[in-house]
Every structure is written in C-alpha cells, then in structure tokens.
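K.L.:
Structure below; questions to follow.
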Amino acid sequence: MSRSNADTNPAVLFVCLGNICRSPTAQGVFDHKLARSPLAGSVETDSAGTGDWHIGKAPDPRARQAAKERGYELDHLRARQVSVDDFHRFDWILAMDGSNLANLKAMMPAQCRARLALFLEPLKDVAETEVPDPYYGGDEGFSHVLDLCEAASDAWLERLHHSPGERDR
C-alpha cells in the first residue's frame, strides 16, 4: 500500500533477525486479519530483518507451509533489511524479541516517526513476551509462532482500531 494517506493511516513494520521466519509470518497473519477488519485497506504493512543474510529470499519453506495450512499466504513476501528510512515511514516498528528491539533502538534516529515495541506487548494472557525463533527447531516451533502471531495480530488490530489518534502521541 502506498503512503498517499500517510497523515491519517497507520503503518506497521514487523521485524525479526533474518526476515524469513517470524516477521514475514507476523506480516502474513496480520495482513490476512486486516483484510477482514474495519481497518481493511487503511494500514500499510511490511516486514524486515535486522540482519542482511537473506535479502531478496522468500520466507523459510517451513514457515510458508505452516502458514498455508492455516490459510495464510507468505509466498509473495521477500526478505529485506531494516533501513533508517523505515523509522520515518512507519508509525510502529514491532520487534519479535528483545535482541531485535535493542538493535532497532541502537539504529533509531533521534527525530523520527516510529515507535518501537515488542510484537507481543499487547497480549496480557500470554506468559511469553517474545516470539521464539523457530529456525533451528522442528515444525511445532512454526505452529507456535503462528499461535502467537494470531493472538498478537488481533490485539494490535484492536489497538489500532480503537486508538486512531495514537500516532499523534
């Protein structure tokens, strides 16, 4: 989605380490739920990684398969690295874990549009605060990531829907 409505419509960036497992899954789930919400067509989304190892690559095949089994599509997504411009383009930059959040804080310009948060921040009934990286584990890790992404996406959509002026801080 373009930024033609940048003054009124929120923009959300999902960030993990390599942008091939967690952040594209978060974006895919969020986009799917967004399309079926009152905010459909009014929120820009993207995903990126703090690292540069996978630039231009599709999400991990295991992430794509797990997502597809639940009705989410990730095949069109391609990995990219977070850039300084992202801090001016996005209202929310949502990190999958504390390490990524620390990396984002280190590169964040003094004056920018973005606010940083952990993706799971709005979840009150979940013991976890971070989305675990499933890369070195089995299929159950990708399923767990999807569970967390579904719950967090619902919470962020609710927050964006009921706090439209929140971006004005």
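Here the Cβ of each residue, glycine as well, is placed from N, Cα and C on the backbone.
Heads up, TrEMBL stuff is auto-annotated, nobody curated it.
Annotations for this protein, taken from TrEMBL, read as follows:
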- CYS16: active site, nucleophile (ACT_SITE)
- ARG22: active site (ACT_SITE)
- ASP133: active site, proton donor (ACT_SITE)
- 10-159: domain 'Phosphotyrosine protein phosphatase I' (DOMAIN)
K.L.:
Translate the DSSP assignment of the residue listed as 'active site, nucleophile' into the three-state scheme.
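P.N.:
The residue listed as 'active site, nucleophile' sits in a strand per DSSP.
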K.L.:
Report the same-chain neighbours of the residue listed as 'active site, proton donor': residues 6+ apart in sequence with Cβ closer than 8 Å to its Cβ, ordered by sequence.
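P.N.:
The answer is CYS16, LEU17, CYS21, ARG22, MET96, ASP97.
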K.L.:
Across the domain 'Phosphotyrosine protein phosphatase I' (10-159), what does the mean pLDDT come to, as a whole number?
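P.N.:
PLDDT averaged over the stretch: 97.
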K.L.:
What residue among the active-site residues CYS16, ARG22 has the most other CB atoms lying within 10 A of its CB?
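P.N.:
That would be ARG22, with the most Cβ atoms nearby.
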